[in-house]
Structures are given as structure tokens and as C-alpha cells.
Amino acid sequence: MAGPPGDDIFRATLAAVAPGTPFRDGLERILRGHTGALIVLGHDKVVEGLCTGGFELDVEFSATRLRELAKMDGAIVLSSDLARIVRAAVHLVPDPTVPTEESGTRHRTAERVAKQTGFPVISVSQSMHIIALYVAGRRYVLDGAAAILSRANQALATLERYKLRLDEVAGTLSALEIEDLVTVRDAISVSQRLEMVRRIADEIESYVVELGTDGRLLSLQLEELMAGVETERELTVRDYLPVGSRAGNAAQVLAELSAMSPTDLLDLTVIARVIGFSGGADILDRQISPRGYRMLAKVPRLPRMVVDRLVDHFSTLQKLLAAGVDDLQAVDGVGETRARAVREGLSRLAESSILERYV
């Protein structure tokens, strides 16, 4: 699920300065040379209006050129695609009324220029030996690949534990669905775990972007762990969305779940109300019946359009489980072969779900 536009700009900038990129190589050279730098990652009329002095270059970017130009006083201005060095030794004069929380002259200028122009700005501190990125209204210190990888591996271990627990509660929910014993608590617990897993995965995805070429193995592990999770998240909401004004609007519910605070996400009652359930303190113990989206999605080679038609026709999973081949054939797009496949698929799923729970 896409985040706010500022998050997209932030991630794109992290990718541009990730380890393994020519630009990051240039920044590392500046750090190793124990010099500072102020670099604007973009050029337009607004940036030009803030520039005084210096000289125009308009030459192809290279890490060595960036390192040599950083030895001079003044800022360096790059093209938006970081392919060319536009100006060097420039004195930047941003609006002094633009608010900044920084104290050092270079960092104050960097933050103000970033806010005033909308372009990312890099400040390399000679004394603190850090690279600070100012973009989309935030300040972010770039760490080395080893530090990022350490945090990423911790997050990945957490994701593995949460995914294991998710598989357990999802399996329990499937068995309860077959027996028609589902309560609001059972369904909401799965939605809660799915959202928690998604948030941890989002954090790891940021590390993958920040690691650049060093994040390939991490990306493969993340992809394997998250296979089918987003689909399961949507189908669970569609299965249990109460009939009414919100019925069919699963996308809105998913967006509201994504926007929940970490504290609210721990409260099953709050999640239940976001999904659309109403009632008193006993709301979580109310018995409910799924529509059958989750179970039908596990039947091999069953198109989504046919799944929607089956759910519209039978309305609940219990009616689907009780339907014979002839009943299934009454649905548009379901011939005899597909009807038998659905019937056999549901029977196998019912049997395996019960066995997993009780054996």
C-alpha cells in the first residue's frame, strides 16, 4: 500500500544515496577525506535564486569530481537525476524566516534550502563525521551498510516470529469457519496480526531501499515471508465486513487500519469498530459467519471473478460448503468441471483445517 507523497520522495532519495551508487561513493570519499559538504540534489529557478557566487560547471557527475569540489568552500548543486554537477562553490542564501531546529550553519542552511525548494539537500559534517539528509520536511542521518543491515536482520527475525503466529491464528480461524463457530474476536485477531506483519514488512522495505545493492538477499527473504499476506489481508476484511453502509468498501477499511496508531492496534475492540462492528462490551464474543472469500481463494485455478459470483450467489461459507455440484453449476461461469473442482477443493480444505486444529 502506497504511503503519503512525502514518503515516496523520501524513499526515492534513499535509493539514490544507497550504498553501491556513484553518489554514495562520492559522499563516502568526502567523509574519508575529513571535509564537509553541502549538496543540493536538484536545480531549477528557485534554487538558482538562492545561489550567489561560485561558478557554473554543467559537467557529468563522478564520485571523484564531487570529492574534489567538496574541498572548496560553498555548496554544490546537482541536476535532479544526479547525472550532472551544475554549480560549485556556491553561497546559498535561503529565506532566514524559514524555521529550522538545527544549530550549525551548514545544517541550518541545508534544512532551509530543502524546505524552500522542495529538493533534497545533503549536509556532510566534518566534525561529527555524519551524512545528514534533509527531504520532505524531515532530517535523516545516513548510516553505514553494516549498521543498517544489523537493524534489518533484527526486524526480519521479528517478522518471522510474527508471521509464524499469524499462520497459527489464521489456521485456527479456518477451522472455526468450517465449524461455523467464528466470533468477532477470532476474525479481528487475524486482521490485527496481518496489519502488524504488514507494518514490520514496511520497515524492512525501507532498509532494503537504503541498503541498495547490499539489500538483495534481504529483499528475497522479505518477498518469501510476505507472499500472499496482502491478499489475505484484503480477503479477511471482505469476509467479515458487516452488511450496511460500509459493505463492499474494503479498501477504505484497510486504509483506516493502516492509519491506526500502534496503541489502538493492540485493542481488538477498536479494530472491530474500525471494520464496522458496533455494540457494547460483548462485541468481541458475538458469533459471525464468513462470506467465503478466504476459503475460495485457496481453491486452485479459481478466477477472482468466479469467486465474487459464488459469494454473491451463496452469501455465506456454510451455504457454499453445503452446496452440491448442481447447486454450484447454477452460478454464471461455473460449468460441471469447475463445479467439481470447487466442491472437491472445499472438501479438502475443510478436512485439512479440522485435522490441523485437532491432530
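Using N, Cα and C of the backbone, Cβ positions are placed for all residues, glycine too.
According to Swiss-Prot, the feature ATP binding site maps to GLY74, LEU92, THR105, ARG106, HIS107, ARG108, THR109, an assignment based on sequence analysis. LEU92 (ATP binding site) has a Cβ environment of 23 other Cβ atoms inside 10 Å. DSSP assigns LEU92 (ATP binding site) to a strand segment in the three-state reduction.
Feature annotation from Swiss-Prot assigns domain 'DAC' to 7-145; the stated evidence is sequence analysis. Note on the domain 'DAC' (7-145): mean pLDDT across this stretch is 94.
Cβ crowding, taken as the number of other Cβ atoms within 10 Å, peaks at THR109 among the binding-site residues THR105, THR109.
Non-local contacts of ARG106 (ATP binding site) by the CB criterion (under 8 A, 6+ apart in sequence, same chain) comprise GLY36, LEU38, SER123, SER125. In sequence order, LEU38, ALA75, GLY104, ALA110, SER123 are the residues of the same chain, not among GLY74, LEU92, THR105, ARG106, HIS107, ARG108, THR109, whose CB sits within 8 A of the CB centroid for the ATP site. The Cβ of GLY74 (ATP binding site) lies under 8 Å from the Cβ of LEU38, GLY53, GLY54, ALA88, ALA89, VAL90, HIS91, each on the same chain and at least six residues away in sequence. According to DSSP, GLY74 (ATP binding site) sits in a coil region rather than a helix or strand.
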